[in-house]
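Structure, as structure tokens:
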Amino acid sequence: MSKVYDWFEERLEIQAIADDITSKYVPPHVNIFYCLGGITLTCFLVQVATGFAMTFYYRPTVTEAFSSVQYIMTEANFGWLIRSVHRWSASMMVLMMILHVFRVYLTGGFKKPRELTWVTGVVLAVLTASFGVTGYSLPWDQIGYWAVKIVTGVPEAIPVIGSPLVELLRGSASVGQSTLTRFYSLHTFVLPLLTAVFMLMHFPMIRKQGISGPL
């Protein structure tokens with residue numbers, strides 16, 4: 001086993017990478033509130049795992065979406081647990097994101113030279129809220145349907161571009177299969193991809209600039 005490790009160490013310098021990760025200086029003022037971002041990341045990873053598991057059973061059609069969710073909850077092995085964890089971690093992710101944003105703002109973590117870190121963090125907060133909006137509709141029950149109808153109808157108040165924007169969100173003039181397909185695609189592909197991209201921007205900047213000092 002040691003020979004295998006030595007082979008990789010010689011080529012990749014694994015120990016140097018491990019030392020860099022584990023030996024980063026942590027300021028003495030850091031407390032549990034500085035862990036909120038990490039908790040948010042953990043919730044996101046739980047969301048990815050449980051959401052991926054549910055895609056094996058969920059059917060994104062207006063006629064089968066609700067029944068497929070019912071199947072997950074009552075028939076699929078541990079389906080009730082997976083979906084429950086998905087819902088709980090979704091709520092936890094939103095809460096932790098809000099608290100994280102407040103913590104960063106109140107401790108001045110958005111100031112120079114961390115402006116870009118703040119901007120990417122705000123984008124991640126918007127993406128988190130978007131996860132909630134799109135995911136809420138996927139069971140396609142009464143609550144989900146009317147939530148989608150209200151949310152997608154909000155832009156209609158915008159002059160000139162309001163109606164075309166509503167039709168773009170819904171996929172047609174009214175809420176239906178096109179709307180569910182769009183929201184499912186956003187929730188399972190577009191938003192996770194964008195979140196991963198902005199996380200890959202956010203974390204290296206934190207790593208490079210370190211944790212902001214006390215007020």
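Cβ coordinates are placed from backbone N, Cα and C, and glycine is handled just like the others.
What Swiss-Prot says about this one:
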{"type": "BINDING", "residues": "CYS35", "note": "heme c binding site"}
{"type": "BINDING", "residues": "HIS86, HIS187", "note": "heme b 2 binding site"}
{"type": "BINDING", "residues": "HIS100, HIS202", "note": "heme b 1 binding site"}
{"type": "TRANSMEM", "residues": "32-52", "note": "transmembrane segment"}
{"type": "TRANSMEM", "residues": "90-110", "note": "transmembrane segment"}
{"type": "TRANSMEM", "residues": "116-136", "note": "transmembrane segment"}
{"type": "TRANSMEM", "residues": "186-206", "note": "transmembrane segment"}
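Annotated features taken from Swiss-Prot, shown on the structure.
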| residue | record | DSSP class |
| --- | --- | --- |
| CYS35 | heme c binding site | helix |
| HIS86 | heme b 2 binding site | helix |
| HIS100 | heme b 1 binding site | helix |
| HIS187 | heme b 2 binding site | helix |
| HIS202 | heme b 1 binding site | helix |
From the Cα of HIS100 (heme b 1 binding site) across to the Cα of the residue listed as 'heme c binding site', what is the distance in angstrom?
8
Taking the Cα atoms as reference points, how far is HIS100 (heme b 1 binding site) from HIS187 (heme b 2 binding site) in Å?
22
Top stretch among 90-110, 116-136, 186-206 for CB pairs under 8 A with the transmembrane segment (32-52)?
90-110
To the nearest whole angstrom, state the Cα distance for the pair HIS86 (heme b 2 binding site) and HIS202 (heme b 1 binding site).
24
Going by C-beta under 8 A and a gap of 6 or more residues, the same-chain neighbours of HIS202 (heme b 1 binding site) are THR117, THR120, GLY121, LEU124
Select one residue from HIS86, HIS100, HIS187: among these binding-site residues, choose the one with the most other Cβ atoms within 10 Å of its Cβ.
HIS100
